[in-house]
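**Q** This is the structure I want to talk about, given as structure tokens.
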Amino acid sequence: MVHQVLYRALVSTKWLAESVRAGKVGPGLRVLDASWYSPGTREARKEYLERHVPGASFFDIEECRDKASPYEVMLPSEAGFADYVGSLGISNDTHVVVYDGDDLGSFYAPRVWWMFRVFGHRTVSVLNGGFRNWLKEGHPVTSEPSRPEPAIFKATLNRSLLKTYEQVLENLESKRFQLVDSRAQGRYLGTQPEPDAVGLDSGHIRGSVNMPFMNFLTEDGFEKSPEELRAMFEAKKVDLTKPLIATCRKGVTACHIALAAYLCGKPDVAIYDGSWFEWFHRAPPETWVSQGKGGKA
């Protein structure tokens, strides 16, 4: 593995609270609430308007995506991403801190962390412990929406961090990349249904290894230590010195694998953006495995 200086992928609630208190939130430091919840459960934007980290803007994953794609939350274009984050007051010189309000401590935040990285932005961090621990520790909140001055952001797609359907299909034969699936075990095996999905069976891409993303987090919602994370990869016989593609249902929780590997010193994990949703609808049936109805054991 090539050793290089990696930007801090995590910041603590204490660090962010001190930065907020010191008035540092502005052009040089932007905070994003990247919460998203399944329809019919919680309303992310409504909760943001009720309370959020002072100075934080709402990052709408439903807006910052390729709306023309038939697949879920696919990456927007370079111009689309640049325009969207520029409207949030983010330039190429901004340190971005992302959090979400999920009960696990982190769910969508690593996806937004990866989006910034795939578009060439190095100075981006996830709030370790998320909004859950921000509230638990008694840090300040506000209902006042953030109105940052628009900024200019130049996006440059780093294609090495992104994999397409065609590349993953080719990898089934070449086996150049290890493939790791971050979904819960039942969905990976095909014994439990995909939530909120019509016409989408559960199962996995042939040859992939299962590492459920929630296992990377402690019960308190913090990221596990690099030592613990390395042991988890080793237990699954995932070699962090070799190329790795992460997948899930729609390219969101796969980013937890990229974050965990980054914390272990591996910054080059690629995400299969279309993930299982695209694979199920496009790939030949012999390329996927499911123990459920209609699947191949």
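Every residue gets a Cβ built from N, Cα and C, even glycine.
Residues or ranges marked as active site, cysteine persulfide intermediate in Swiss-Prot (evidence: experimental evidence): Cys248. Positions annotated as domain 'Rhodanese 1' by Swiss-Prot: 25-143. The annotation domain 'Rhodanese 2' is assigned in Swiss-Prot to 173-288. Positions annotated as O-linked glycosylation site by Swiss-Prot: Ser35. Swiss-Prot lists Lys14, Lys136, Lys163, Lys175, Lys224, Lys236, Lys237 with the feature N6-acetyllysine, giving similarity to another entry as the kind of evidence. Annotated N6-succinyllysine per Swiss-Prot: Lys14, Lys136, Lys175, Lys224, Lys237, in sequence order. Summarising the annotation, Swiss-Prot assigns phosphoserine to Ser38. Summarising the annotation, Swiss-Prot assigns region 'Hinge' to 144-159.
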**Q** Given the modified residues Lys175, Lys224, Lys237, state which is nearest to the residue listed as 'phosphoserine' when distance is taken between Cα atoms.
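**A** In terms of Cα distance, the residue listed as 'phosphoserine' lies closest to Lys224.
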**Q** When DSSP states are grouped into helix, strand and coil, how many residues of the domain 'Rhodanese 2' (173-288) land in each?
**A** 42 helix, 18 strand, 56 coil
**Q** Lys136, Lys163, Lys224, Lys236, Lys237: which of these modified residues has the sparsest Cβ neighbourhood within 10 Å?
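**A** Sparsest of the modified residues Lys136, Lys163, Lys224, Lys236, Lys237 by Cβ contacts within 10 Å: Lys237.
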**Q** When the Cα of Lys163 (N6-acetyllysine) is compared with the Cα of each of the modified residues Lys14, Lys136, Lys224, Lys236, which one is closest?
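**A** Of all the candidates listed, Lys236 is nearest in space.
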**Q** Among all protein chains shown, how many Cβ atoms are found within 10 Å of the Cβ of Ser35 (O-linked glycosylation site), not counting that one?
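**A** Counting Cβ neighbours of Ser35 (O-linked glycosylation site) within 10 Å gives 25.
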**Q** Between the modified residues Lys14, Lys175, where is the Cβ count within 10 Å the lowest?
**A** Lys175
**Q** DSSP three-state call for Lys136 (N6-acetyllysine): helix, strand or coil?
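**A** Going by the DSSP assignment, Lys136 (N6-acetyllysine) falls within a helical segment, counted as helix.
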**Q** Over the span of the domain 'Rhodanese 2' (173-288), how high is the average pLDDT in this prediction?
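**A** The predicted confidence over the domain 'Rhodanese 2' (173-288), as a mean pLDDT, is 97.
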**Q** Please identify, among the recorded positions Lys14, Ser35, Lys224, Lys236, Lys237, the one with the smallest Cα-Cα distance to Lys136 (N6-acetyllysine).
**A** Lys14
**Q** According to DSSP, folded down to helix, strand and coil, what is Lys14 (N6-acetyllysine)?
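**A** SS state of Lys14 (N6-acetyllysine) = helix.
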**Q** How many other Cβ atoms sit within 10 Å of the Cβ of Ser38 (phosphoserine)?
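**A** For Ser38 (phosphoserine), the count of other Cβ atoms within 10 Å is 8.
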